[in-house]
Amino acid sequence: MKLFSSLYFWFILGSLHLIHSQTIQDSCRSSNLAYLNARIPFDTSSLICSNVWSSEGFILRAAQTGPTLWSFVLSAPSANSYVGMGFSPNGGMVGSSAVVGWVADEGSATMKKYYLGGKTPSLVIVDEGNLQILPNTSCIISYSSRLYLGFQLVSGLPSRQLVMAVGSSNNQPPKSPSFQLTAHRNQISVAFNYASGESNEESAPYSDLKRIHGILNAVGWGVLLPIGAMIARYLKHVGSYWFYAHSSIQLSGFFIGLSGIITGLILSDRIDVNVSKHKAIGLIVISLAILQIIAVLIRPRKGSKSRKFWNWYHHNVGRVLIVLAAVNVFYGIHLANAGSEWNVTYGVFLGVIVTIALSLELRLLTEDDK
């Protein structure tokens, strides 16, 4: 009986220790790496620890461990998604070279290098980038509900602009042979001090300029132009005032939209992003707008034979311009990952405009029948 009680005591004690070791949380004060030293193929005792992304539980341990050798261990919660860390030339995702790791459904762990050439999956290229990882030093370990990505980088001083990302648990982990990454659920840009281990969250580069670009284009091309066109179509009964209102609103929309396009060209020059379709549509919109202004300046007198053809040209080019502008506003919101509230806001505005236009158009048709 005593033997049974003793065995039972040690069984319970061992079980509690096992439960504790499987649920212990990582922190800069914890000794988790001490448990994992045998599985990490380089010395981690001198690494400086930093909570680089507290809201997502990302912890980075790093240090220079040789004249041109840097050791890194990234720890993050394992939530059925990938975790990644990139070295950025400018603080942005695009242009970064990254290390990404995940655990597949069957339990196998994988870590890959990626070059983040753009925001579309086809431009995120596996096994590319400028990271020179020392052979036989990379590892990925799943321990206590966390992933540990370890590697040694052969480099001078690595970029202090780091980007971190976590994938969505709703998507499957990358699979062979393409190992294509899906869109991340969340990401952050961090300025990391390799000497002190201090890290500071940074706003996305040129975020204010991006916001100004989007607002100017949305207001100029996407809001004022449709309103000005509706005034010309449905308010001619108020006399010549409709013409002055139409001209003033359209010119205001043109100059505000032109300012938005200029800020976009500045952004394109400063940020290495692939927005060729967005830029092409924008250039078509500004070209059509300039043609509209030229057409107004050379419009034929009322009553002339060519005035009918001029009206047809002016009205239809204007309609095409407005449609392309609306499409590009939505496309710009998509490229900026601005969130559903921007889509909803602009979509509600267009819905109201279309509803009003349809009701006024029906009213015109009714009056013509009379």
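Every residue gets a Cβ built from N, Cα and C, even glycine.
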In TrEMBL, one of 137-158, 247-268 is tagged transmembrane segment. Which stretch would that be?
247-268
Helix, strand, coil residue numbers for the domain 'DOMON' (56-167) per DSSP?
4 helix, 64 strand, 44 coil
